[in-house]
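According to Swiss-Prot, the transmembrane segment annotation covers 1-21, 25-45, 47-67, 88-108, 115-137, 149-169.
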Amino acid sequence: MMTYVVFILSIVFVIGLIGSPSKPSPIYGGLGLIVSGGAGCGMVLNFGGSFLGLMVFLVYLGGMLVVFGYTTAMATEQYPEVWVSNKVVLGAFLLGLMMEFLAVLYVLKEGEVELVFKFSGLGDWVVYGMSDFGVFSGEAMGVAALYSYGVWLVVVTGWSLFVGVVVIMEVTRGG
């Protein structure tokens, strides 16, 4: 069952990535990136990286939502162009979806895809977990290192996101 959840999240991830460059309006490009980021975080959570998935979701998607929210509020169009309003953009989007669908069908029919890795069927996409031999897990040690030794990194990252939002607001407003 979990293999199918990851498979569906992978399809949503690719659809979001196809929808991002074929954007007719900047609002939909940001939406494609946010959908892809959420699906990627879901895949990381499914493979056992609960803290990593949560941190990526909060920091990356939180920062993107703030930036895209402010920029679309400052430079919004009254009637934004959608994917179906331009036949070339719609055709490119549908062509990308069709190519992804054909690649998935080829892999599901026990075909072999050999680019960098060799996939022969859907079972090869599953990551097999190994049991930890230590007392502490890797994620707990990473959290401890982030908040003890890397506290200034967290502060600088938060401040950089704030300054980025202020700069983008000033640039889009023309001030």
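Easy rule for this one: first residue shown is 1, then count along the chain.
Cβ atoms here come from the backbone N, Cα and C positions, even for glycine.
Here the listed stretches are 1-21, 25-45, 47-67, 88-108, and the one with the most C-beta pairs under 8 angstroms to the transmembrane segment (149-169) is 47-67. Among the recorded stretches 1-21, 25-45, 47-67, the one sharing the largest number of Cβ pairs closer than 8 Å with the transmembrane segment (88-108) is 1-21.
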